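Since the structure comes first, as structure tokens, the remarks are kept for the end.
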Amino acid sequence: MTEKIDRSEQRLRELGYKQELKRELTSFTNFSVSFSIVSILTGLTSLYGTALNSGGPAVIIWGWVFVSIMSMCVAASMAEICSSYPTSGGLYYWSSKLAGEHGPFYAWITGWWNLLGQFGCTAGIDFGLALLLSSVISLKTGWVYERWHVVLIYFAILIVHGLINTFLVRYIAVMNTASVWVHIGGVVIILVAILVKTENKASASFVFTHFINNTGWSSTVYVVLLGLLQSQFTMTGYDASAHMTEETMNADVAGPVGIMMAVGVSFVAGLGYLLALTFGIQDLDRVLNAESGNPIVQIFLDSVGDTGALLLLIILLLAQFFCGSASVTANSRMIYAFSRDGAMPGSKYFHQIHPTLKSPVWGVWLSCFVSALLGLLYLINAAAFSAITSIATIGLYISYGLPTFCRITYSRNTFEDGPISLGRFSLPIGIISCVWITIITVLFVLPGASPVTAQNMNYTVVIVAAAAIFIFGNWYFNARHWFKGPVANIDIEEQQHVPGDKFEIEEKVAVGKEEIQ
């Protein structure tokens, strides 16, 4: 008798993969992973000072609204594709299936850009946590920290997150659920505390219209665009819902809904948080030149005093800690899926699931190791944190845009919808998404301050250029001869096709077979 299997597991078999990860996440916990990685209390906190100097309150508030709209377009395009192809490979798998004969090429570049972006995202989150923790310690003890102190704290945080994702996999869903309530409850607490306790709140005119330019650039438009980095870096990571679909029940609905909910809920909560912070500015010069080096710490101190500020900062620290852990989770799943298809050096190690821990242990620690290497940039250049966040934004959004581009070009007339569909809006939303991603890819490699010096240089362009040379060079000279895109890890007869199944699975190629075994 044929063993009865879950609908989501059956869909995974149709796509050519065994059920190796434990499928126990609900729709809410799938959403909570993405929401935790978007983490408005992480991204908006870490780059608040950057946006305050590059446009001020007007850009912080209206930039968040505009970027959220653009991000929802990107998320909706991704969600439609996720509903049809719910696998951990996510974006690169989608590109492969949507690009027709060019599938292997698009799968390769999508996967590598996504991987680079995820490494940058994990690094940006945990490095932001290290900077905030250093500021909090300094606030309470008077400790004057150096760059190398921050890097050591950063390494320690990465190790803790690696250990959680290695040994406490069964509790990750609980942590992500807790993270949702820390973020939502934290925003409410911060909003109420600042609005109630701040004696001289900023005016509505200041919050919604005041413009600040401390970049050295004379072009108002350019400065406004630079200020969008805060919002756009925050609105990253919602692809995690796709990477977690092989662990999610009812994945072809829960995954896409998780993607869109992560953006929608983050927009509402983030707007409340930004309004609270900006109305809480009482002395702009003191905030811009905060002794702690963190403008949000100064806003809290001015609004609620030392004890209140410490309590609010603990909320931010908790939110960022949960966010970093969730990022390592999603990053390791992408490494697992990409390696399963033989696309990474050492694939035979990185695609393994530990039989007892039920975790892609090699992938977890590769994520932590590469993120640690990115953090070393801070020892060279104090502006490295902005570069790391730009790398995350660019890498992730290129990988978000490529499947959508393939969907509206190569598969415009052949794409078959899953349960979630945009219908006639698919093409215009897809075009808007691709145009916006092109703009920010160029924008965030440009210098953020003038005159440009070795100390304030945006080294993102160097890292992105090196990554592009590696990705495209490796394809041309090496991978195009053997990489065939996603490779089934079950035999054709094991797939248990349902009658009329619209998907056909490629047979294993020799190289992929060797990697998987």
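These residue numbers are counts, starting from 1, taken along the chain as shown.
Quick reminder: no glycine exception, Cβ is built from N, Cα and C everywhere.
Note that this is a predicted model, so its numbers are computed, not measured.
Pulled from TrEMBL, these are the features on record:
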type	residues	note
TRANSMEM	28-48	transmembrane segment
TRANSMEM	60-79	transmembrane segment
TRANSMEM	115-139	transmembrane segment
TRANSMEM	151-172	transmembrane segment
TRANSMEM	178-196	transmembrane segment
TRANSMEM	253-276	transmembrane segment
TRANSMEM	309-330	transmembrane segment
TRANSMEM	361-380	transmembrane segment
TRANSMEM	386-405	transmembrane segment
TRANSMEM	425-446	transmembrane segment
TRANSMEM	458-477	transmembrane segment
Contact call for the transmembrane segment (253-276) against the transmembrane segment (28-48), three or more Cβ pairs under 8 Å: yes
Can at least 3 Cβ pairs under 8 A be found between the transmembrane segment (309-330) and the transmembrane segment (60-79), with each pair 6 or more apart in sequence? no
Hey, which bits of the same chain come close to the transmembrane segment (60-79), Cβ under 8 Å, at least six residues off its ends? 44, 48, 51-52, 91, 207-208, 224, 227-228, 230-232, 235, 238-239, 242, 255-257, 259-260, 262-264, 266-267, 270-271, 274-275, 278, 397, 400-401, 403-404, 407, 420, 422, 426, 429-430, 432-433, 436-437
So what's near the transmembrane segment (361-380) in sequence-distant terms, Cβ-Cβ under 8 Å and 6+ beyond its ends? 118-120, 122-123, 126-127, 130, 147-148, 150-151, 154-155, 158-159, 161-162, 165-166, 328, 331-336, 339, 346, 349-350, 352, 354, 387-388, 391, 459
